[in-house]
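Before any comments, here is the structure.
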Amino acid sequence: VALHILAQNASCSDPRRVSANTSTIDLVQLLEWKFKEELLNIRIHGNPLTSYYQLSLDVLALCQVNGHFSPAIASTLLSPGQKKYYFDTKFSVDTAAVSVLAQICLLTTGQSLPPKVHQKIRQNVQWLVDKILAEKNSSGVIGNIYSTGLAMQALSVSSSYLEPGAWSCLKTLQRVLDEIPRGTFNNPMAASQILPSLEGNSYLNVSRLNCSMDSGKENHLPLPTPRPTSSTSRPPSISVTYTVADGVNNTFNDSISVTVPQGSVFFKVMEEAQNKDPNKFSFTYTWYSWGPYITSVRGLKADNKKRTYWQLLSNGISLSKGAGDYVVSQGERLEVRFSIY
Ligand code: B12
Ligand SMILES: *[C@@H]1O[C@H](CO)[C@@H](O)[C@H](O)[C@H]1NC(C)=O
Ligand SMILES: *[C@@H]1O[C@H](CO)[C@@H](O)[C@H](O)[C@H]1NC(C)=O
Ligand SMILES: *[C@@H]1O[C@H](CO)[C@@H](O)[C@H](O)[C@H]1NC(C)=O
Ligand SMILES: *[C@@H]1O[C@H](CO)[C@@H](O)[C@H](O)[C@H]1NC(C)=O
Ligand SMILES: *[C@@H]1O[C@H](CO)[C@@H](O)[C@H](O)[C@H]1NC(C)=O
Ligand SMILES: *[C@@H]1O[C@H](CO)[C@@H](O)[C@H](O)[C@H]1NC(C)=O
């Protein structure tokens, strides 16, 4: 809902009056309600229904459209914390970046904050900015390449929290530009998260658009006609090892050798294994905007309440792409491992 509010806003359409079939929906009211449900769940169970990434999106969207919520509660919600900003032991740059955007919005949007709240938010942002910077490597990547776009947005709106010379925006930008022709951002979601920072924008610019510039104009985006893929010869086959393992309770760990056409993705390997031996290698998935998300393997289901998920690995290293995008190569040792985040 938060993402839809931002999208409606960016399209110069009112998120409080979205026409849906014959009626209209108030997305802002809907998000206010969902946000309350999240706060309630945290009070009762100590954890959100979704994640702190999504809570940050909530605050960002509600702040942008002047929705009804308490900045004081938001400042406590987004304060430093292991459970909030880490998956297992790994700091989540993505989560921190959206949290910074949300809190810079709180600091810069119209309504004046009580001094204590103002100061708390400033402290939160400082902690987050320092943590984000600590995840930067010498080539300019911040976290991994898919968190870099969000990190750029966060750092560009919080420049007053950075020591001079602490971050070279140009170097990061150059690194991102180098990755584009390699197809790194071919996934539409990956593209959508990298684009704003390439145009000097952040999600905070969404509510500052001049919509009167758009009125009366028809939008005709020229869409490229897809070129027919001229693959005449069949690609050669490659073989990989595929393992399914319960890394939580160690109840199983089975491997199989699978042959797939060169250029196949991880998902294809999983399908082949499932065909060969459904008892051991069956799996289910849910389709998200990022692609297929693996929800269960061999009947063992991922469960957010227990913080379990099916992790994808190659040669023992966690992948930064999903099963639908990761292209496998000859001799690779692939694994899906039931893990805790
Ligand atoms: C939270 C999160 C998770 C949680 C999801 C559960 C939860 N508690 O919410 C956990 C830790 C389990 C997770 C797992 C994975 N994730 Co993740 N995740 C995120 C994060 C930080 C936020 C997603 C979100 O809430 N979006 C907002 C909501 C509104 O959008 P949504 O699409 O409905 O969100 C759901 C899906 O995105 C899904 N999901 C989460 N991650 C992934 C990854 C893939 C490939 C798919 C298809 C779906 C998916 O879970 C979300 C919650 O229900 C994003 C960061 C980002 N920049 O987007 C990374 C991100 C999407 N994940 C990523 C990756 C790589 C993975 C893994 C493949 C890692 C791995 N090696 O195993 C696995 C998925 C494996 C599988 N089973 O298929 C990458 C994707 C990059 C890419 N090019 O595809 C991102 C961008 C992080 C990054 N910077 O690398 N993830
Ligand atoms: C739209 O409204 C009609 C009439 O109320 C209903 O039959 C139809 O299922 C609705 N469609 C959707 C997509 O909600
Ligand atoms: C920086 O991180 C990226 C993505 O994780 C990686 O590909 C690259 O090799 C790293 N560069 C250096 C110099 O460590
Ligand atoms: C986005 O907003 C910032 C801050 O108001 C401004 O400096 C920047 O120029 C805006 N970006 C664009 C592309 O207009
Ligand atoms: C918005 O754009 C219109 C049309 O170009 C212009 O007349 C108006 O001054 C702009 N408003 C702002 C606030 O920039
Ligand atoms: C399963 O076995 C493989 C091969 O021996 C090993 O590489 C992998 O780490 C194991 N996985 C787990 C979760 O124990
Ligand atoms: C691991 O096994 C224990 C004991 O059988 C069980 O209580 C727990 O739910 C299992 N963990 C997961 C994540 O399934």
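Heads up, the Cβ atoms here are built off N, Cα and C, so glycines get one too.
Cross-referencing Cys63, Cys169 with TrEMBL gives Cys63 as the cysteine bonded to Cys105, criterion being a recorded disulfide. Within the same chain, the residues at least 6 positions away from Gln54 (cyanocob(III)alamin binding site) whose Cβ sits under 8 Å from its Cβ are Ala2, Pro48, listed in sequence order. Counting every protein chain shown, 22 other Cβ atoms lie within 10 Å of the Cβ of Trp310 (cyanocob(III)alamin binding site). Tyr52 (cyanocob(III)alamin binding site) carries a helical DSSP state (H, G or I).
Here the recorded positions are Cys63, Cys105, Leu312, and the one ringed by the most other CB atoms within 10 angstroms is Cys63.
You'll find the Cα of Tyr341 (cyanocob(III)alamin binding site) roughly 29 Å from the Cα of Cys105 (disulfide bond). Among the recorded positions Tyr52, Cys63, Cys105, Tyr293, Trp310, residues whose Cβ is positioned under 6 Å from ligand 1 are identified as Tyr293, Trp310.
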